[in-house]
Amino acid sequence: MVVIVSMLALAFSQQIYVYYISVFINGFSTSCLMAVVSMYNTEIADNDNRGRINCLLGMSVPLGNAIAYLSGNASLRTICFVGTITPSIFLVLSFFLSETPIFLLTAKKEDECLKALKRLRGTNDVEDEYVQIKKSTQQTDSKKYTIIDVFRTRASIRSFCYTIELLMTEVFSGIFLLGAFMGPIFNEAGAFITGNSIGALASIVQVLLVIVASLFIDRLGRKPLLFASMSGCVVCLAALSVYFYHLHYPANCFRTN
């Protein structure tokens, strides 16, 4: 709901400060939504599909970029209206979502937990999984955890550092910046088709690669895919850096003393 309101404010506002506020609220709400959706997917998925489902969450950014580039030279108001379609569908469908079994057990709603499991798995044979979830929640309920507990053991500190490292790597890789300015970059490079067309094609390729990664994430494991993706990022960013350096400092590029 907040995302829809902020997009409508962007569509109709003519004051710059409203743009600032709307973009901030939209970004903050989207970040919270991504975190909650990731947690929700983790709690409702079974062990065999958890990796694939969370991997598919990565389609959201390139798919959004593709829609923006396919909009072409549409006005900001039109793009904002298009941007309200997906959250509006999500808002309607959210009323039909099942609550996660883990939350229901934590709230001592055992009957509702069984119903949710049967609905999510499409079968009545969920007793074994129910027992496993119940044991897990009982262990969690036996002690109240706080944020300070993250820094009490070496294992938790290491996990926390790995998580922050991966998030920082994603943000500082420039994926969001390159996705936003892909059109002007290709236009400046003198591409034979428009930058918006190349940006849309590149975003669609990213979506397809996410689908491919989701098929192999549980077969190959997370670490090999991380290594392959990071290696690809290093090569591509290095090539892009050389291109921009040559573009702005052509006389100094590869000059030897």
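Positions of Cβ are set from backbone N, Cα and C atoms, glycine also.
Since the structure is predicted, the reported quantities are computational estimates derived from the model, not experimental observations.
If you look up TrEMBL, you'll see 1-257 marked as domain 'Major facilitator superfamily (MFS) profile'.
As annotated by TrEMBL, transmembrane segment applies to 23-41 (among others).
Annotation source TrEMBL lists transmembrane segment at 53-70 (among others).
Marked as transmembrane segment by TrEMBL: 76-98 (among others). Tertiary neighbourhood of the transmembrane segment (76-98): same-chain residues 1, 3-4, 7-8, 10-12, 44, 67-68, 116, 119-120, selected by CB-CB distance under 8 Å and a gap of 6+ residues from either end.
For the transmembrane segment (160-186), the residues of the chain that approach it from at least six positions outside its boundaries are 61-62, 65, 69, 150-151, 194-196, 198-199, 202-203, 226, 230, 233, 237, 240, judged by C-beta separation under 8 angstroms. As annotated by TrEMBL, transmembrane segment applies to 160-186 (among others).
Here TrEMBL flags 198-217 (among others) as transmembrane segment.
For the transmembrane segment (224-245), same-chain residues at least 6 beyond its ends with a Cβ under 8 Å from one of its own Cβ atoms are 166, 169, 173-174, 178, 189, 213, 216-217, 252-253. Residues or ranges marked as transmembrane segment by TrEMBL: 224-245 (among others).
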